[in-house]
Amino acid sequence: ADGDLTGRKMCLHFIQQFVLCVFQLFLVSLAFAYFAKAFCGSYVKSSVTQIERRFDIPSSLIGVIDGSFEIGNLLVIAFVSYFGAKFHRPRLIAVGCLIMAVGSFLMALPHFFQGPYKYETSVSHSKNVNSTESILSHFKSAFPLLDCEKTAGSYMWFYVLVGNLLRGIGETPIMPLGVSYVDDFSREENTPFYLACIHTVGILGPMFGYMLGSFLAKIYVDIGSVDLDTLTITYKDSRWVGAWWLGFIVTGAVVLLSSIPFWFLPKSLPKQGQEQSESKNTQLATVQEQENFLPEENQEHEEKEKPVTFQELAKDFIPSLRRLFNNSIYSMMILTYLVAVNGFIGLITFKPKYMEQIYGHSASKSIFLIGILNLPAVALGIITGGFVLKRFKLGVVGAARVSIASSFGSLCLLCIQIFVRCENAEVAGLTVSYQGVPQVSYNQQTLLSQCNMGCSCSTKHWDPVCSYNGLTYTSPCLAGCQTSTGTGKEMVFHNCTCVGEMMTPGMNMSVELGQCPRKGDCDYMFKIYMTLSVVGSFISACGGTPGYIVLLRSIQQDLKSLALGMQTLIVRTLGGIPPPIYFGALIDRTCLKWGTKLCGGRGYFPLPNISALWSLRNIPLFYIDVMQRSQKVIHFL
């Protein structure tokens, strides 16, 4: 009898260890899936500027392309969250990862159908010349209209939009089904720590995504098919386009790899610690506190766990939604997330562009700094929030207080950021006069002056040159240049009459290709901005896991997947789709100088009014952040 008992204990111990290993495999697989989807999603954000320039489209259209991810999520999230919880969750996650990979590969497809990238320029760089050619005549002769269908300005961006739409559809099951699977089969006190670890690994994805975006932004888009020595621009130029397409192939392969383990995981597992009693006190305390947040009428639903048909599930869908939104805490949390995501999506989509335009850094450097500084701070904040909950064994109320404290701290730092900015870049005829007097003008006729009136220059194109007096001119022709020496990036223009208006006789009247660097204390202001941004990211992220626990603990067991899915549906519909569009449209309104498409029409803009752009970045986000914090305080205190 003793031998049989020992054998049973050994068998039971083996089963427990096997179940633990399977659960740990699911945790690792889910963390990698979070990493992969965040890796791919952050790369999309980091390549926004490159896509905008490659297809010569305005920021408002970029917002539509970015919002297509949320639209794809919207199409299936409610059904996946509700019906998916009743079926094989790991395999549904695997299918989602497969669809995401297909979408990523599709986004890279336009590069192989388009012709080589033709950036906007006003002079011929193919040979050493001694005179500056007309901007408009060279532009027309170098890029004939017959190439319009294969170059920037065509509708090849539609492939990117559809691919991003598929990414949104494929990403749908990962969060609601994965999180509910972990919460269903782990101990109550371990769930916050597990979720914090998963989200922390997920944050590493954006870090690598932005670093990949920074690296590829320095590689020319047509690498391998053009002679790089003939280029007249560098990666610091506003017309440069990096190898954006290569990143989608890399991220698609990573997402495809993340789908493999889920095909072999079981539909369900025994709950951790179910047969043990060492943590009964903690579990009872957690359950007792949680019951205070749950409607009494629905306690009976937690006991119902029997096989049902698809028709019965469909019939119970509307009543389940009614039960869910009768929960006041859940409804308030949804509203809180909604206003927060509006600000966050608008910020993260255009932050590289904002840093590039406000502080004068290249797209590559802006993307790199976000990936290497902000995102690790967010990861550390998330894991810190989860550790605080586990270390001090905080319940729902304690988690809410941690979330409020972190929100208030990040709000204070956001207020300080409002006062940190640089002045407009000095561009003759746009932000200053040709004599150097500050004046912001949206009228293109101010680009013409007495010094260039006889040159028959076009005011439509952007081919900036920098003079030795620190003033940028929109083109060599508008600078009044008469001769040039050198080829490619080394070309220098001489005898520029407009430069002489700000210099004493005998001084250097030559200009070089490219825009002049910013003056004054702009670098110092940028360091302050990044410091505040990094510290604010950490403090704000500390409240992420506690806020998530409040959401999880405020809903019934059988509604958990549906609740997470509906949260994603509502927040992404109203908080994910509109912000990139209206933020992009507002950013377009700050433009001082528009680029010109190869086939005519308005393209991307290389120069904004910094004062207007700064206001758009800070005032709406400040309002949204105040709304978010106020709702949390009103509800929980």
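Cβ atoms are placed via backbone N, Cα and C, with glycine included.
Curation does not apply to TrEMBL; its annotations are automatic.
Annotated transmembrane segment per TrEMBL: 18-37, 57-80, 92-113, 193-221, 241-265, 329-348, 368-389, 396-420, 528-551, in sequence order. What TrEMBL records for 26-637 is domain 'Major facilitator superfamily (MFS) profile'. Here TrEMBL flags 445-500 as domain 'Kazal-like'.
By the Cβ criterion (under 8 Å, sequence separation of 6 or more), the transmembrane segment (241-265) is in contact with the transmembrane segment (193-221), since 3+ such pairs are found. The stretch from 18-37, 193-221, 396-420, 528-551 that makes the most Cβ contacts under 8 Å with the transmembrane segment (92-113) is 18-37. Mean pLDDT for the domain 'Major facilitator superfamily (MFS) profile' (26-637) in this predicted model: 77. At the 8 Å Cβ cutoff, the transmembrane segment (193-221) and the transmembrane segment (396-420) share fewer than 3 close pairs (sequence separation 6 or more) and do not count as touching. Sequence-remote contacts of a segment are chain residues at least 6 beyond its ends whose Cβ falls under 8 Å from one of its Cβ atoms, and for the transmembrane segment (18-37) they are 90, 93, 97, 100, 171, 174, 178, 181-182, 185-186, 194, 197-199, 201-202, 204-205, 208, 251, 254-255, 257-259, 261-262, 265-266, 269-270, 272. If you look at the transmembrane segment (57-80), the same-chain residues 6 or more away from its ends with a CB under 8 A from one of its CBs are 41, 44-45, 48, 51, 92, 96, 157, 160-162, 164-173, 176-177, 349-350, 353, 565-566, 568-569, 572-573, 576-585, 587-588, 602-605. For the transmembrane segment (368-389), the residues of the chain that approach it from at least six positions outside its boundaries are 42, 46, 192-193, 195-197, 199-200, 203-204, 206-211, 213-214, 351-352, 355, 361, 398-399, 402, 406, 530, 533-535, 537-546, 549, judged by C-beta separation under 8 angstroms. Broken down by DSSP into helix, strand and coil, the domain 'Kazal-like' (445-500) contains 11 helix, 11 strand, 34 coil.
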